[in-house]
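A.B. asks: This is the structure, below, for whatever I ask next.
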Amino acid sequence: MKTAIHPTYHPKATVVCACGNTFTVGATEPELQVELCSNCHPFYTGKQKLVDTARRVDKFQKRIEAQTTAAEGKRGKKAKRTLRASKRTRKVDESAKVTGKKRPQAAA
């Protein structure tokens, strides 16, 4: 077996939580930083608390907001079709004014 390959064990390693709670445990690192502990974890406290260190919720809400604003500006198929048809008739009417020819009426 190889000698001196194992990390050093610290029997009094300090654990520091984001809520400010500190306690000692045995670990290979002298100090550990954690986001949740038994003092602030919702399972132990019974309180619902949102912990979002990477701003994932904010990013998600921004993305959803951008999608809804983009969807509001879009038209449906029928609206697009009627808009195109009205542009076509306007274009035909304008060309008839220039040439002096009347536009043929559809038979009803």
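Quick reminder: no glycine exception, Cβ is built from N, Cα and C everywhere.
Reproduced below are the annotations present in TrEMBL:
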| type | residues | note |
| --- | --- | --- |
| BINDING | Cys17, Cys19, Cys37, Cys40 | Zn(2+) binding site |
| REGION | 68-108 | region 'Disordered' |
| COMPBIAS | 75-90 | compositional bias 'Basic residues' |
| COMPBIAS | 99-108 | compositional bias 'Basic residues' |
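Please situate the listed features within the shown structure.
C.D. replies: The C-beta environment of Cys17 (Zn(2+) binding site), restricted to residues of the same chain at least 6 apart in sequence and closer than 8 Å, consists of Val34, Glu35, Leu36, Cys37, Asn39, Cys40.
A Cβ distance under 8 Å defines the sequence-distant neighbours of the compositional bias 'Basic residues' (75-90), meaning residues of its chain 6+ beyond its ends; there are none.
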A.B. asks: Relative to the Cβ position of Cys19 (Zn(2+) binding site), how many further Cβ atoms are located within 10 Å?
C.D. replies: 14
A.B. asks: Measure the Cβ-based neighbour count of Cys37 (Zn(2+) binding site), defined as the other Cβ atoms within 10 Å of its Cβ.
C.D. replies: 17
